[in-house]
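Quick notes on the structure that follows.
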Amino acid sequence: MAVSNNITACVTLLALICAVPIIASGIWFASAQGDECARLARWPVAILGGLLLLAALAGFVGAYWNRRRLLAFYLFAMAALVLLLIVLLVFAFAVTRGSGAYPVLGRAYDDYHLDGFSMWLRGYVSDDPGRWEKIKACLAVSDTCKKLARQNAFVNAEQFYQSHLSPLQLMCNVCMQSGCCKPPSVCGFTYVSPTVWTATPGRPATDPDCGLWSNDPSQFCYECESCKAGLLEALRDQWHKANIALVVATVCLVLLYLIGCSAYKNAQAAAFFRRYK
């Protein structure tokens, strides 16, 4: 009985430790996405990690002080929470599977289209106009494009074209939205500066975003589909990074749960035989 309880206590203590990276991932989501004016699944991951932490703590107390009701609660709660975590991971992988990035000839960076993303992600920026208005207003007052405009690293257009631009960040720690702070490459606009472009006279617009571009810092390409796609690509990258920690923690929690169930059954069997010996 004591051996089984000791095993269960060790298992629940390890489960406590496994809940920490889940909480950290949720907090990272909240802080990182807040800087980018988007709050996709801001706190659910952190809340789920906190509930796992409380369940593991109850299991540890139950095993250490031999409180069988607390152990039973731990096993039931942990099963439900791990199942929710698995559902969350499956959902995250499903909605972030596709990418809207596509290479551009002669450019070291990618441009972005909404068509490549899942319907759920596209709906996040398209189904609710009010949500995008808030994101757009946040982008307009943030330093997302302003820092790029103040950057002197690009002496000419070729240097800019050969820069490795990500959806929300430029190497050298210059924040930007490659889909929001410049027009799509297919428009064929002439480069003046990273945030100033001029249309080629007589060239027909090959993309609806071409007519939405403005050199006005309060407008830029914030109404463009490419801007929405760039934002989704950044959120997708964040989820993929966080999923690594979440998958490892989930696998460990499942293994620990199975070991805990086995130890609990052994403790129950030992108590039964002791009672009727």
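Glycine is no exception: its Cβ is also placed from the backbone N, Cα and C atoms.
Counting same-chain residues at least six beyond the ends of the transmembrane segment (6-31), those with a Cβ under 8 angstroms from any Cβ of the stretch are 39-50, 52-53, 55-57, 59-60, 62-64, 71, 74, 78, 85, 238, 242, 245-246, 248-249, 252-253, 256-257, 259-260, 263-264, 267. Annotated transmembrane segment per TrEMBL: 6-31 (among others), in sequence order.
Here the transmembrane segment (43-65) has long-range neighbours at 5-6, 8-9, 11-13, 15-16, 18-27, 29-30, 71, 73-75, 77-78, 81-82, 84-85, 88, 242, 246, 253, 260, meaning same-chain residues at least 6 beyond its ends whose C-beta is under 8 angstroms from one of its own. The feature transmembrane segment is assigned by TrEMBL to 43-65 (among others).
Long-range contacts of the transmembrane segment (71-95) within the same chain: residues 8, 12, 15, 22, 44-45, 48, 51-52, 55-56, 58-59, 62-63, 118, 120-121, 239, 243, 246-247, 249-250, 253-254, 257, 260-261, 264, 267, each at least 6 residues beyond the stretch ends and with a Cβ under 8 Å from a Cβ of the stretch. Among the features that TrEMBL reports, transmembrane segment is placed at 71-95 (among others).
Per TrEMBL, transmembrane segment is recorded for 242-260 (among others).
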